[in-house]
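J.: Attaching a single structure in structure tokens format; questions to follow.
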Amino acid sequence: MSNRFSVYSSHSTGVSSARPSAPSTVTTTTLLNALHAYYNSGQPYQLDAGTSLVVNTWVTATRANANGQEGGTIDRDLALRAWEHARRRAEDGCIVLCSTHQSTPSIFEPFLTALPLTTPNIAFTALTALRPFLSAVTSFNPSYSLYSALSARYSINLKGDVVGLSLALSTSGINVRKGLLDIPTEAGYRAFDVFYYLLASISTPAEREFLNLKDASSYALLSKSGTYTPPAYLPAADDAAAAEDFRAALKSIGIKGAAQRGLLSTLAGLLKLGNATGFLVDQEDLEEACDEVGGLLGLDPEVLLHSCSTDDREVLISGIYEALVDWVIEKANEAISSELQAILDNDPSTSGGSGPGGQWTDDDTVSITVVDIPRPALGKAVAVRNVFDDNAGINAEMKEDGVTVPPVGHAIANDVSSAVAQVEADLGITTGSAWHEREYELGKRQEVLEKVGLEVDMDSFLRKLLLPVEAEGITVGKRGRFDLPTTLGSSRVWHHISVHPTDDLPETLSTFTPTAAWSAGVVSRQLREWRLAEWANRRLRQLDFTADFDMDEFVGRYYRLGCAEGRDGVESWLMERGWTNGDAFVGHQRIWMRESAWWEAETMLDMKPEEPATANPFLYGNTMLDAGMPHYAGTPMAESTSLLGSRDDLLNHRQSTLAPSFHGGAKSIAPSVPQTLNMGGDYGLGSKGDTRKWDNPYSDEYAHYNNGELDPEVGDPKHIEKKPITQGRRIWVGFVWALTFWIPSFALRWIGRMKRPDVRMAWREKLVLMLIILLFNGVVCFYIIAFGDLLCPNKDKAWNEKQLSWHALDNDFYVSIHGNVYDITKFWRLQHSDSSIETTTSNMKPFAGEILDQYFTPPLTRFCSPYVTEQSVTLQFNNTNALEYPNAEHYCGSYHTPSTTTKLHNITWYEDIFLPKIKTYYKGPLVWSKSTVQKQATDSSRYWVIVHDKIYDLTDYFYTAELFDNDDTYAFLPSSVTDLFKNYAGEDVTDKWQNTTDFQQSQTCLDYVFYKGKVDFRDSPRCTVNNWILLSFTVLICAVILVKFVSALQLGSKRRPAPQDKFVICHVPAYTEGEDALRKGLDSLTALQYDNKRKLIFVICDGMIVGGGNDRPTPKIVLDILGVDPKVDPPALPCMAIGQGSEQLNYGKVYSGLYEYEGNVVPYIVVVKVGKESEQSRPKPGNRGKRDSQIMMMRFLNRVHHRAPMSPLELEIFHQINNVIGVDPELYEYCLMVDADTSVREDSLNRLVAACANDARIAGICGETSLQNEERSWWTMIQVYEYYISHHLAKAFESLFGSVTCLPGCFCMYRLRTADKGKPLIISDKVIEEYADNDVDTLHKKNLLSLGEDRFLTTLMTKHFPEMSYKFIPDAYASTAAPETWSVLLSQRRRWINSTVHNLVEVAALKDMCGFCLFSMRFVVLVDLLGTVILPATCVYLGYLIYRVASHTGPFPMISIVILAGVYGLQAIIFLLKRQWQHIGWMIIYICAYPIYNFILPLYSFWKQDDFSWGSTRIVIGEQGNKRVVAVDDEGFDPRSVPLQRWDDYALANNLPGRRGDFGMSQEKMYGGRYDDMALEMDDMHSNYSSVKPASTILTGFPHHQGRHGSPYMPPQSPAPFANTPGNRNSHMSSLTRYTDQPFASGHMASRSLGNLSQVPDGMTNRHSVGLMQSTENLLGRPNSRSPVGGISRPVSAFDFRGSGGPDEGAITEAIRACLAEVDLDTVTKKQVRALVEQRLQTTLMGDKRTFLDRQIDHELANM
């Protein structure tokens, strides 16, 4: 265990246990002879102080010994020693019962009787009921256990009384395959005994009929070996008698009636289901078996028959059997617990007493776990690993502490590795194939059980087995199990090894001479295989230590025997006792004692008279009073301390004052004693959420609590509050009621089931917002789609010549004839000619999209009458190429078509046939712009005029008349008409058109023969104004897109900033993340390429919550990953939280230590919010939300900055950072916020800090976040491109203005205070006050603070610090896990979209935004807001465009297509330039998902704006005028429940180092003018490792010094182990946990405090520090120098250059020489020298003086 802090009990009674005398070297022969002698005498052999050997057979196990006890040879002294160590040293013990041979009998039950504990009889009854499920007859053992490991875990108080007992299988479970499914086919083997008891004990005819059981040979599972009876050589073996005892035992543990019938039915069903396995089963037999099994198990036979394969049915048998065994164990533990509780209730000594020490809480317990490991391979691996592996467990601790550990030979090391490799899955080693194979099998079992479990009848016994808690799913193998490696790693291990004397089969052993069976070769083989001779030699010579103490603990334990303080005092006392020959060893940090020496000391202690008062070392507060203890242990402990909690041994200080609550004040309501037996090893967090049933007092049957609703309209709340509301809110409420007055409240109350007024009001607000959003969307859609048609009807029903040419496809065949456009797509393929010309594609294709006036000439005699009377008169074409295809010319009349076989022969063909037919294909007019008409007249000399918007062309007429010398036959039109064409060609002659007979008669001729089309009305202002408006918006949008594109271009080389030296807090809020995600995230922070000493991982676990898929609460997972010792139990300390009413009070536990990953060792702080005692029955005790986790850290740093009074939790955090980790919290300058499931790239932190260092105006910064599970599902794939482009377009653009509107909480960094004056930024009062708003009771606030806290925090920073910048840098990179399912994605985007809308409203209202009017960030924000709101309209419009294009119902939307192509084209350019080729595919997937992102998700989100958990503490029951009426159903929050105290006062009261004095305040008064807006500015509080920062106040020397040696306080190392494996038993003060980048300290350096800078006297020239970390000014490991690089800096200069011109060159030179005289020139850098000089001068040198400084440093170095 990581922290084996020893606490003694004064209730010990002596028992002598001397170390056995042994030869100088133990050989296999001497060991064999000794073991034989002990075997013959029936005695155990003690191999070393913690290991015993016994020899047992089934014969010796069934015979009574000299004491009349059965069960074989047992070492009762070993049990007694383990018990004494547990109760005297308050450390968990584990006794491992293992066997070297498979024939050895189990001694589990006999050993429990050997323990000096009162084991309740019900425990042995429970084992009687349990054994048949776990053991089977084999040829080599009549009762062979088929489990991996079975444990009995005793919880005992410090008096040694049993207060808890539970049985548990290990997580590896049972070998059902060997015990049931694959029994060997040879004789002598049976299945689990329980099945034979089932067949032998049918008690009633009704039971026999119901179960319908047959002979054992009828069942495939039992008939393989042909053995159905117990071994005949066992004198008392009878299945029927054993079955009766088995049933009686079941009843005794509460399995009776329906429960027992269900158990028996399940067993019978498994037997019958075995007949349905195998590939050779007949179909009829299979159906019959499934029918029977279905009836017994309450399962549809079709599920077994068709849904399960043969393999599935085998897996089902295995899974159901293990579930059944787990259930029996659960019932057994319940029975044991009930009997124990009854015993404790009737025992006055355990119910509490009034005397000192007589009152013991359930927390005052330690555990003794007896673990039975029947399989020799696993037992061997466990044993030899513990003895011979020097890199783990107690051996590693001893080695690190200076104990000489003899090296292990190569052969032994190979044996250990080989033994471990055989059972690596059982030992939790996940790297081998065995682990992966087991995981596959468990996954397969889970799959089959889920498939079957959901089909089982709801009220059936099997469903209760498989789904004990419906919401948790299948939990087989997860509930009620213990983890073997964790148990071994967190306890002191004792070994009890059983040896078998022969390989002979059991039936050959004689019952008359029990010890006659002895084969020296067989026993010798077992001794050699287990390396027991080497074991004895290794332990007895140097490593046989069974007790270890740290220095102070040892003195505190034995001070009454004359042991003096300090290392010298301890060594002297040991020498006085003669314990210098190996009986005791004083290591670097601990004292190690052999059993004989320890027991001698304990015996002497017992003989001493007891002191008048005995303190309970587990309690803290005013119960810790012991008048006889010395100054380091005899005074009351403060409430915030605990022996097992705080890692700094606060018992070593005289507490001069008590905690505030001792002087009166509000009563603490912290979680007190758990309501169940303390099982230990749970970090002091209790067992809530753990899947182990025996360890879970909060299971459903015990966790009922009243959660009724309070109806404020009919209920009786405690009191009513009235709070003022703003005018804006009043206007909004009035507006909402104006729009929703028609919806009666009673309808919402009874139909909508909204009983609360605030919920109804939120619904009304949501409805109004939805209506506004729909209105915006409707207006946009209407304006884009319909408004243009209203202004300009039929604009899509006209075509110009160019547009006509676009319709030239086979399925889009348009033509124009005499000014009209026709769609002849359905006509052109038809054979429409009655002449010999065939209609073919090649004939018709040339005419597609063309004007065909010349091919369809109207007969002049029909349409120009009375001017033309002869059919021979025709017009000649001015264009010689007018008729490219003469065959297509259509002339009607007998003159032009003399053939009578065609309809063209008829002169009326054009008007009677052609015009009616072509009219059916009419689409609209052919239009020409006025400019085109004019150009035809001026450039082409054509006679075009406009009359009443109609265009006529007389060019061919004039050409024909001129061709025939103006013969009247061809110049047939009146001259008054033709003169207008000649004189006004290209013009509009409407006003000149006369209403005369000539004009009227000419009109028909012009309309049919010379008509060209109409004037393009789409060029009119009414038709163009809408286009111009849309174009202007398009230009603006395109401009924004273009600017975003330009801002995203990063054409330069990737920057490689120099390593930075700022102190950074990595804030990690943890909620429900899984273990893999948490481990990956924490590992990534640890591996950051940043100075390990300058980063702190600050994890805040938001409540005791079990995430989906987890088997324990998130805090336990985090602490397990970080390697915290499960026995560490810090106190729960009060703090203020975000919440309503009493929820403003919360309690938290603080853990600290070092975490190692890939050679990086980083300090961490873990704060677990555990909640008030009244919350412990709730599902989420302590949970207050992510915002509260952020506020907790921000408020702490704010109080550190202002040196303001802190809460007890904050004081403990300060203490852990300042005194344990060794860094003044005020040194931290940045806060990196990272989600727990986010992995950060190694160089990201350095890049973020470098960017902030280069630009002091940056207050917040973020990098790129991508997906780490991009290919996990379709839902993750559609998010990849969105994540990428949202950063490289949106955030890159906003970063240009220094106004990133959302710094994502999953990966961003904030500056804590300004670089120049130290003005607080994110930790300022103004930001915290608004961000910590408790009254989140409106829809707007809910969306701001409950959904989008990260975005709103950025908004607040922008609001209060508009002059600062908020940047995005693409070089910093992190990856996070995106939602993998639709439901999770829907929930996430609901939060994101709604919070975006509400936050953008806030941002748009901010003052001091850069730019003005359309050239401002405000305009961009409004565009983003509108763009977010109208996302559905965008999607609808795109769908509309696709429909129009696909259906050919409108013109091709060229502009829209160009814009879309531009948008995605520019985006493509970005990732192509960045060589992110994969995003081509991701972009395509994203486009395919466009309707999801822009329609489904937004609409769902908008409608779900009021989907919150509203709580029932504070209910808004109405808003009247300028008041909000609130009903409060809560006891309220008493601020006195969180006492506040300044750190200096607290440190002084508790004699702690690190007091900082009033330097900051005195400096403020001295220099004045350094405070703005009540924000403390401290430009002198910077990292003293920064290159150019003023001297830190912590180097100036404060009052209250403790003299040369300072305080006697010696903060110990964090209990967290060096390796991040659970249960690693690192020493309490192990130097394994030092930083890897710091050399080992030697000698006296390893015995002193971490040394906070502020506690050192000015003149001190030498420093001592512990092996954990050097003091903060000595992290580089140079003990003898006097600078911050290698030791303590001199006090700051007495001169002050503020307000003057700064130091002159002489002062600079003098400072350089002084610094160079102090530092180690072999290791110091020029940068460090420059920092030291500036620190000494208390100023930052700039310009010429900076140049002089650099030059002078070089000069001084050259002259040295």
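The backbone N, Cα and C atoms fix where each Cβ goes, glycine too.
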J.: Can you identify, from 1-23, 484-506, 1519-1541, 1588-1610, the stretch that Swiss-Prot calls region 'Disordered'?
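T.: The listed stretch tagged region 'Disordered' in Swiss-Prot is 1-23.
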J.: Report the DSSP secondary-structure composition of the domain 'DEK-C' (1702-1758) as helix, strand and coil residue counts.
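T.: Helix (H, G, I), strand (E, B), coil: 42 helix, 0 strand, 15 coil.
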J.: Determine, from DSSP, whether Asn1394 (N-linked glycosylation site) sits in helix, strand or coil.
T.: helix
J.: Name the residue among the glycosylation sites Asn275, Asn878, Asn995, Asn1394 whose Cβ has the smallest number of other Cβ atoms within 10 Å.
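T.: Ranked by other Cβ atoms within 10 Å, the glycosylation sites Asn275, Asn878, Asn995, Asn1394 bottom out at Asn995.
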J.: Taking pairs 6 or more apart in sequence, does the count of Cβ pairs under 8 Å between the transmembrane segment (1419-1439) and the transmembrane segment (731-751) hit 3 or more?
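T.: Checked: the transmembrane segment (1419-1439) vs the transmembrane segment (731-751), no contact.
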J.: Look over the recorded stretches 767-787, 1029-1049, 1480-1500 and say which has the most C-beta pairs under 8 A to the transmembrane segment (731-751).
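T.: Ranked by Cβ pairs under 8 Å, first place goes to 767-787.
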J.: Which residues, given as numbers and ranges, are at least 6 beyond the ends of the transmembrane segment (1480-1500) yet have a Cβ under 8 Å from it?
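T.: Sequence-remote neighbours of the transmembrane segment (1480-1500) are 1270, 1277-1278, 1280-1282, 1284, 1386, 1389-1390, 1393, 1428, 1431-1432, 1434-1436, 1438-1439, 1464, 1467-1468, 1471.
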J.: Taking only same-chain residues 6+ apart in sequence, whose CB is under 8 Å from that of Asn906 (N-linked glycosylation site), what do you get?
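T.: The answer is Cys892, Gly893, Asp912.
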J.: Name the one residue among Asn878, Asn995, Asn1394 whose Cα is closest in three-dimensional space to that of Asn275 (N-linked glycosylation site); these are the glycosylation sites.
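T.: Looking at Cα distances from Asn275 (N-linked glycosylation site), the smallest one goes to Asn1394.
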J.: I need to check the long-range neighbours of the transmembrane segment (767-787): which residues 6 or more away from its ends have a CB within less than 8 Å of a CB in the stretch?
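T.: Contacts with the transmembrane segment (767-787): 735-736, 739-740, 743, 1026, 1030, 1339, 1426, 1429-1430, 1432-1434, 1436-1437, 1440, 1502-1503, 1505.
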J.: For the domain 'DEK-C' (1702-1758), provide the mean pLDDT of the predicted model.
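T.: Over the domain 'DEK-C' (1702-1758), the predicted model scores a mean pLDDT of 83.
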J.: Would you kindly give the Cα-Cα distance separating Asn995 (N-linked glycosylation site) and Asn878 (N-linked glycosylation site), rounded to the nearest Å?
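T.: With the alpha carbons as reference points, the distance is 30 Å.
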J.: C-alpha of Asn1394 (N-linked glycosylation site) to C-alpha of Asn995 (N-linked glycosylation site): distance in Å?
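T.: Checking the Cα atoms of Asn1394 (N-linked glycosylation site) and Asn995 (N-linked glycosylation site) gives a distance of 68 Å.
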